Amino acid sequence: MPVPPPPYSLGSRADIMLKCFPFWQDLLSCYVVNTGTTTSDEGKWKCVPQRDDYYECLHHKKEIRKTQAIKAAYNRRLKQDPNFDTRKPEGEADIRSLGLLQKK
C-alpha cells in the first residue's frame, strides 16, 4: 500500500515554499520568456510585478505595513474617543466575533 502524502503543514519553511511556489513559477516563466536569448537587461524589468508578488509571499512586507496602519488608526481613534471600543454595533452581531461565537 502506498504511503499517503504528508499533511499540508510540514513546518514553517516548507509551508512557505509550498504556498509561494506558484509565484516562483510565474516569476521564472516571465524571466525565461523575456530574457531567453537577449543579453540586455531590458527583459528583467518586465518581470518586476511577478518578482514583487513572490517577495510579498515570502516576506509579507506590504501586509505588515497595512496591518500596522490599521492598528495605528484604531489606536488614534481609541485615544480620541475612549468609549469607541465599548460601544455595541447596531443589531445583535458583535463586530469582533462577527456573530460566529456565541456567549454561554
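The count begins at 1 with the first shown residue.
Just so it is clear, glycine is given a Cβ too, placed from its N, Cα and C backbone atoms.
Predicted, not measured: the structure shown is a model, and the values here were computed from it.
Cross-referencing Cys47, Cys57 with TrEMBL gives Cys47 as the cysteine bonded to Cys30, criterion being a recorded disulfide. Here the CA atom of Cys47 (disulfide bond) lies 16 Å from the CA atom of Cys57 (disulfide bond). For Cys47 (disulfide bond) paired with Cys20 (disulfide bond), the C-alpha to C-alpha distance reads 16 Å.
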